[in-house]
Each structure stands twice: as C-alpha cells, then as structure tokens.
Amino acid sequence: MSDPYQNNYYHQGGGHDGYGYQVDYPAQEEDAASDVTEGHDEEDQMYEGEYQGIPHPDEQKAAQRALQELSEQYEDIMEDCGHGKFQWTLFMVLGLALMADGVECFVVAFVLPSAEKDLCLSNAEKGMLGLVVFLSMMVGAFLWGGLADKLGRRKCLIVALAINCVFAFLSSFAQGYGFFLFFRLLSGIGIGGTVPIVYTYFSEFLQKDKRGEHLSWLCMFWMMGGIYASFTAWGIIPRYGWGFSMGTEFQFHSWRVFVLVAALPAIASLVGLTFMPESPRFLLENAKHDEAWMILKQVHDTNWRAKGQPEKVFTVTHIKAPKTAEDEFIEIQAATGTPVQRWAVRSLTLCKLVLKNVASLVSAELRYATLFMAIIWFCMAFSYYGLSVWFPDMIKHLQYEEYDSKVKVFHKERVENFHFNFSLENQVHKEGEYIRDKFINIELISVKFEDSLFEDCRFEDIRSTDTTFENCTIRSTVFYNTDLWEERFIDCKMENTTFELNKRGCHLDALEENDVLIYLVSFLGSLAVLPGNIISALFMDKIGRVRIIGGSMLISAGCTFLLFLSFTQSAIIALQCLFYGVSVAAWNGIEVVTVELYPSSKRATAFGVLNALCKLAAVLGSSIFASFVGITKAIPILLSFAALVGGGLVALRLPDTREKVLL
C-alpha cells in the first residue's frame, strides 16, 4: 500500500517555537520482521478490498488523523499570522463581489418598467425575465461551488465574475428580448458563484475567534449592493436624456446606462482579485505545500509589517497534508493521449469528482447536517424572498386601489365639433357620442371608452397608456401618428376608418414612467438591514450562531403577524423594514454555520448546493406570494409564519460551532 500522505516541503532554519509537525519512528533493521508476519509474502498481506479500490480502514483512520492534525496546525498558523492588513484588503475585494450579487437581484426589477416599453415585452416575457435571474443564479451557485473545491476558490471566482461582467455589458446593448434574456441568463450564472465562493474563500484566512464576527461584517456588502442599486437606479433611469440612438434600429436609453453602472462592483472585485492569492487551505488539501507556505508567509509578513513589527519571523517549518487518489488519477490521465483527449479526460474526471463531492454531502457523517441546513436555507429563503416580492406588490395594489377610487365616469355624454387639446387621465366614458371632434397631440392615460360612437373624428399625435375602446362604433375616423393598435379596440365596429403613420414598436416618451416609490422602498428595505447586521456581527461569537439563527427566525415569524394590521402603504413599508432588519441576523448566522459545518474539501460544494436550494425556494416563494396579491393577505402571512417557525425550531438543533476548528 502506498503512503496516502506526501511530505514534500521542509524549510530549514526554523526556530524551536515553530508549528512544525513531524513524527519520529524508532529505527528498525532492514530485515527485521515481527513474529506475526514471518513466513508471509507481501502479496499475502493485500487488503481484501484493495483490488476494488476500497481504502483500508487503517488508511481511512490515518487520513482522518492527518486531516485533524492539519486543521489544528492551520489554526495555529493563522493565529501566528494574526488578523490585519491582508484580511482587511481581502475583505474589501470579496465584499465587492458580494455587493455585485446583491445588485444582480435588483437590476431586472428596476429596469423592467422602462425595458418593457423599449423591448415591447408582454406580461409573460416580463415574468420570464424575472424568473431567469434566480434560475441562472441557482445554476451558477451549484456549478461554481462544486468547481471551487476542485479547481480553487480564487480561480473560479475570477472566471465567474468575468462571465458576469462580459454578459452584463452585452445585455445593456441587446436590442431584442431574446438576446437580452440570453445575456442576463449567462450573467446570472456567473454571479451565482460569488456567495458560496466568497464565504468559503474568506473563512480560510480567518482564525477561530475572528470567524463569526468578520463573516458577519462581510454580509453587510450584500445590503450595500441593494442600496447601490436603488440609489443609482433612482438617479439614472428617470433621466431619459442620458441615452442615444442610431436611427430606429439601435436605441440606448437610460435604463441601459444603469445596467452598465450596476456591473461596476463586479469589475472592481475582478480587478482586486488579480492581486489576491489562492486559499492556502485549498492548496494544502491538494498537496501543494510550497505554494501554501509562500502564501501563508505573505499573509504573516503583510500583517506584521503593517503593525510595525517587520522583524517578526514566520516560523512555520513543515506542513503535512494528504494527497488524495483523486489527484493522482487526474495526473495519470493528463499525461496520456492527444491534447483534445487529455482535455476530455480531465473534464470528465472533474465532473465525476464534483458529483462525487455532492453525493458525499449525504454520507453518514454529514447527512444530518445537510438535512438540517437544507431545511433552514429553504424555509428562510421561501419566506424572505416571498415577502420581498409581496411587499412592493401590495404597495402597488394599494396605489392602484387608491387611483381606481378616483376614476371619473362620464355617462351618455354628447360632444360635437370639439378640439381636445388637453390630456385625459383615469376616466371611463360610457355610451358617449363624439361627432366631428379632434383629439390632437394629447395623452390618454388609463382611459376607457365603452359602447360609444365616434363619427368624423380625427386622432393625431396620440400617446396612450392603458387605454382601450370596448364595443364602440367608429365611423369615418382617421388615426394619424398614434400608438392605438388593433388590440386597443375590443369588439369594436369599424366603418370607413383609416390608420396612417401609426407608431411602430414600443417607445419611451419624455415623461417619467418609473414610480419613485419603487426605488424608495428598495432603498429603505436595504438600509433597514444595517442595525441587524451590526448587532449580529457583534454578538455572533458571544451569543452563538445557533441562538442567533433560531431567535431571529422566530422573531421574524412574529413580525409577519403584524402584517394583518397593515392597511396603508406607510404601514407596509415600516413592517418591511422591521422584517428585513430582524431576518438579516438569521441570514448571517446561517452563512457562518454553513462554512463551519463542512470540511475544506466539501465546503464550497455544500455552500453551492444549499445556495442553489435557496434560489429555488426564492422562485417558489415569490411566485406563490405574488399570486395572492389583491386576493387575500392571510395565506402569504401564514405560509411565511409556518416556514420561519419550522426553520427556527430546526436551527435550534444545530451543533454550536463557535469553538470548532475548520476541518
């Protein structure tokens, strides 16, 4: 049997107070043998399952001991390196990546009011565009999380952010719905990898007593992403003059400028990552001792030099880590065949290793942790994202009810030889007669004509929104340069009616089409997260992750019942801020525990799988909750309450990981 461990790095000159790990075995003569094995050949000693590739139980125990020893030694090394300039620099770089993920969740929602006109979107297409954001991020989380455990945290994060930046840029120039949807899909797949990789990457540069607090501080960047998206959308999208056009085929309106600006955090993080090293813990797991030692020395020297102690020497002399059979398999296969064959073998092997890692999450050692975390992630995401959609939809519904209550109804009016040179808004005209009237250069906003007669009339330079003609008779009437299309005339009878130079396609006009309240609600909701973030960060290591998760989810469940008392827009906004402020503490605790429950070789994979489940729950929650807007409040409130209570009770069964060394 071959030794499953590799000792290929030893640094001479280290002091006796270093963290060297070395085992001395008693000397033994070359021909010495025990009485038990005397008279037996080596072949007779072959483990029964060895020909099947099954590790010997002693090898498994040895591997577990080596992993535990590596974990403890690594913790000692990180304590010796200290927490300082290096971690804070990495904190900012990874924070920008997390901020980019937060921005991605808001981009489509903010641009839809403008994009639906610019791209002529139907309701089904708008729904698909909103859905594809979470579905693509779900795929990205699963894909990049699995790859990060095999290819490296830094490498995968760079590729994921690069994909996001490239396709976000292309989506801003896409003139058709199909291309825009495709580019946003690929952009989402890229950004979906940030959350699982960022937390895994950063945790492996933190010592035990700093882990909970600083991972919680990192969560604040997601909130900053929401604030950044709301603020920039508010400042850019309503400014229609910020765009340009090249004929009628290429339009670049202000919402496209916002799409470009929204990609800036990802670009900044991508640039910063080029100066950051790979996780040394990942390198040690893959038997790259020399590289890991150099990076750890860099962390040590950077921190102590910034603290004014450049003379402090990095005393680590020896790091021992396992080299797995999986690594050897890739090396063997990569050395044979043509370049295309080697690439195919490597890719196939990589897929197998990733899927094997995913399957190991339900092994005997991890199945309960995975089950509990899956329930908690799903329940939290289902309630949080469901209510995140329900809050603004309810505000819009209340606005619509208020607007609808002010509608003006005109019954059996007769207007002859009149020139309408003023806009009509929020009106219903029933059984009216309009003879030789002119509607010139006006807007029709939320206007409905029912069972009316238009004779010898002229509609010219008309811009309309939510305007229809139902069961009307239209005789000898001219529609010139209007946007009134066939679908606006429902069961109408046309007699000698002509349409000339009708506006083709969907166009933005100079009026503000975006309700400022959309941005304000998102801005306040993101800002409300700040107090909960600060409190959870300060008490994460004092109270414990389990109590923070369970307590926050149960308190959030209580907040949902207050929604029964919300009858105004201001009340819903206030309760939204309260819910976000409390629930963020649970999110912080969930992300910290997810990092700590899984070993380094499976950490990013587990985080990716659970984050993908989170996005699936978000799709289900937002779809279900939105379907009840305007129908009943009881079902969304009870669903969110049940999910939060169930997830909170399960969270209280989790082990306390505050003092746990990262395996």
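Backbone N, Cα and C atoms are what each Cβ position is placed from, and that goes for glycine too.
Taken from TrEMBL, the feature domain 'Major facilitator superfamily (MFS) profile' applies to 90-658.
Annotation comment: TrEMBL describes 1-40 as region 'Disordered'.
The feature transmembrane segment is assigned by TrEMBL to 88-115 (among others).
TrEMBL lists 127-144 (among others) with the feature transmembrane segment.
The transmembrane segment annotation in TrEMBL covers 156-174 (among others).
Look at TrEMBL and you will find 180-202 (among others) tagged as transmembrane segment.
For the transmembrane segment (214-237), the list of distant contacts is 83, 87, 91, 94-96, 98-107, 110-111, 114, 198-199, 202-203, 206, 254-255, 257-258, 261-262, 265, 514, 516, 519-520, 522-523, 525-527, 529-530, 533, 536-537, 540, 584, 587-588, 591-592, 595: same-chain residues at least six beyond its ends, Cβ to Cβ under 8 Å. Among the features that TrEMBL reports, transmembrane segment is placed at 214-237 (among others).
What TrEMBL lists as transmembrane segment is 257-276 (among others).
Long-range contacts of the transmembrane segment (366-387) within its own chain (CB-CB distance under 8 A, at least 6 residues past either end) are made by residues 134, 360, 549, 553, 556, 560, 576, 579, 583, 586-587, 590, 593-594, 597-598, 602, 606, 610-611, 613-618, 620-622, 624-625, 636, 639-640, 643-644, 646-647, 650-651, 653-654. Residues or ranges marked as transmembrane segment in TrEMBL: 366-387 (among others).
The transmembrane segment annotation in TrEMBL covers 517-539 (among others).
As annotated by TrEMBL, transmembrane segment applies to 546-567 (among others). Remote same-chain partners of the transmembrane segment (546-567), defined as residues 6 or more beyond its termini with a Cβ less than 8 Å from a stretch Cβ, comprise 376, 379-380, 383, 387, 394, 532, 536, 539-540, 575, 578-579, 582-586, 588-590, 593, 633-634, 637, 640-641, 644-645, 647-649, 651-652, 654-656.
According to TrEMBL, the feature transmembrane segment maps to 573-595 (among others). If one looks beyond the transmembrane segment (573-595) by at least 6 residues along the same chain, the residues whose Cβ comes under 8 Å of a Cβ in the stretch are 195, 199-200, 203, 211-212, 215-216, 219, 223, 373, 376-377, 380, 383-384, 387, 391, 395, 521, 524-533, 535-537, 540, 545-546, 548-549, 551-553, 555-556, 559-560, 562-563, 566, 603, 606-607, 610, 648, 651, 654, 657, 662.
Under 8 Å from some Cβ of the transmembrane segment (607-628) lie the Cβ atoms of residues 130-131, 134-135, 137-139, 141-146, 148, 192-193, 195-196, 199-200, 358, 361, 373-374, 377-390, 393, 594-595, 598, 635-636, 639-640, all in the same chain and six or more residues away from its ends. Annotation comment: TrEMBL describes 607-628 (among others) as transmembrane segment.
Feature annotation from TrEMBL assigns transmembrane segment to 634-654 (among others). Below 8 angstroms of C-beta separation, residues 369, 372-373, 375-376, 378-380, 382-383, 386-387, 390, 545-547, 549-554, 556-557, 560-561, 563-564, 586, 589-590, 593, 597, 624-625, 628 of the same chain, each at least six residues beyond the ends of the transmembrane segment (634-654), sit close to that stretch.
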When you check the transmembrane segment (156-174) against the transmembrane segment (517-539), do you get at least 3 Cβ pairs under 8 Å, counting only pairs 6 or more apart in sequence?
no
